[in-house]
């Protein structure tokens, strides 16, 4: 899909000088003109198109079964219960980098494009953004930490099932939009037949703002809570990216935009930029962790306290 969107204001030192009417990729990112800029590949490491949930691959069956379980179990009541439990932030006290290292033990079963440890995905995304946006250090750090909530899969954090941690997210309390991946499995969700949740707006008002919308529980919302409650100085757009980067029905298909407010619309511009790097930087070419570690540790020190409650 090829679309044109209004572009966010960027710092004067941004690497690209582009025309506002340039061709943009799926997700709203302007194609860099610089030869040294990050070049989005056409296929993933399994030889399929990115986010192709119907492609026959060794991971396809695992991914579909994941979404079947997620769509059945992620209900409005379940999410409220999990936000109350994990909002206590009583599972651990550690630094951002310590959490990054924990992700060496995590592989995301919902992702048809990646079977490498998650720390590599974080660094691949961050390094790709760093190349194209060298002066937006907050965006580099956002890429590094956006998936840290996947530690919920580990025993120390409750060892939640994959369907409660990863995968595309979606609003609860209103009708399930058909753009959701494997939409057919929502018919067994307890919310599906609830009249209060069966309309387009459901329990919400148009333009209410995404902060007032209950989103399926997972690593996105958990990391948002960790960053916010620990007093990060990252800009609001960074928190928006962390919380909604898996809300693909919104930023890929345009679903649920009727629930957004003006602030959401501004932050979405940055999420559309981030989306390219989150999706297309997944690769079998691994980042040298020791080489880049000092740079990211300096950003962590700039935007976070040394130890955080998780």
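A Cβ is built for glycine as well, from the same backbone N, Cα and C atoms used for every other residue.
Annotations in TrEMBL come from automatic prediction, not curation.
If you check TrEMBL, you get these features:
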type    : residues                                   : note
BINDING : 51, 108, 109, 110, 150, 167, 168, 245, 246 : substrate binding site
BINDING : 121, 146, 147, 219, 245, 278               : Fe cation binding site
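Structure coloured by features recorded in TrEMBL.
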residue	record	CB count, 10 Å
121	Fe cation binding site	25
146	Fe cation binding site	27
147	Fe cation binding site	25
150	substrate binding site	28
168	substrate binding site	21
219	Fe cation binding site	27
245	Fe cation binding site	24
246	substrate binding site	24
278	Fe cation binding site	22
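In this structure, the CA atom of residue 219 (Fe cation binding site) is 5 Å away from the CA atom of residue 150 (substrate binding site). Using a 10 Å Cα-Cα cut-off around residue 168 (substrate binding site), the binding-site residues 146, 245, 278 reduce to 245. Sequence-ordered, the extra residues of this chain that approach the Fe cation site, with Cβ no more than 8 Å from the Cβ center of 121, 146, 147, 219, 245, 278, are 122, 125, 143, 150, 220, 242, 246. Separation of the C-alpha atoms of residue 278 (Fe cation binding site) and residue 246 (substrate binding site): 10 Å, rounded to the nearest whole number.
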